[in-house]
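Below is one structure, written out as structure tokens; comments come after it.
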Ligand SMILES: [Zn+2]
């Protein structure tokens, strides 16, 4: 019995710093969500919508936002907002660079921004650091029109 008790304590001690770290990390995603919900509620108000059913965002690997944490933060941030019942769809973008040596555009990994064609390091980021509100689906809007605000997040 003594052994079992000491295992439980050891587990608790291990969990404490991990969960604190997670809360700090989630703060960033929460502030991203709050900014996004501000934009979404403006869009809903402009179109006379009662509520929002779906929000689609596009996230690049270099945006500093983790999709999994953003979804988690969204379930908290949406409470009491126009998007309280909304679903969050996340489209993950790839990292793409333009090579100033050979002129090719290629998809690369986020930790190695090297031209896939010639291997040169002198590349410019074409995409991969985006954090975009791609679309918003509204319930009972007063007039129908396609929505594609494509707004850059203000967090950067
Ligand atoms: Zn190249």
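In case you wondered, yes, glycine gets a Cβ from its N, Cα and C as well.
Here is what TrEMBL records for this protein:
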type	residues	note
BINDING	28	Ni(2+) binding site
BINDING	99, 102, 115, 118	Zn(2+) binding site
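In three-state terms derived from DSSP, residue 102 (Zn(2+) binding site) belongs to neither a helical nor a strand segment and is classed as coil. Geometry remark: residue 102 (Zn(2+) binding site) versus the residue listed as 'Ni(2+) binding site', CA distance 38 Å. Shown in sequence order, 100, 101, 103, 104, 106, 116, 117, 119, 120, 123 are the same-chain residues outside 99, 102, 115, 118 whose Cβ sits within 8 Å of the Cβ centre of the Zn(2+) site. Long-range Cβ neighbours of residue 99 (Zn(2+) binding site) (same chain, at least 6 residues apart, Cβ-Cβ under 8 Å): 105, 106, 115, 117, 118, 120, 122, 123. Neighbour counts of Cβ atoms within 10 Å were compared for the binding-site residues 102, 115, 118, and the top value is held by 115.
DSSP gives residue 115 (Zn(2+) binding site) a coil state; it is part of no helix or strand. In the three-state DSSP scheme, the residue listed as 'Ni(2+) binding site' falls into the helix class.
The residue listed as 'Ni(2+) binding site': 16 other CB atoms within 10 A of its CB, across all protein chains.
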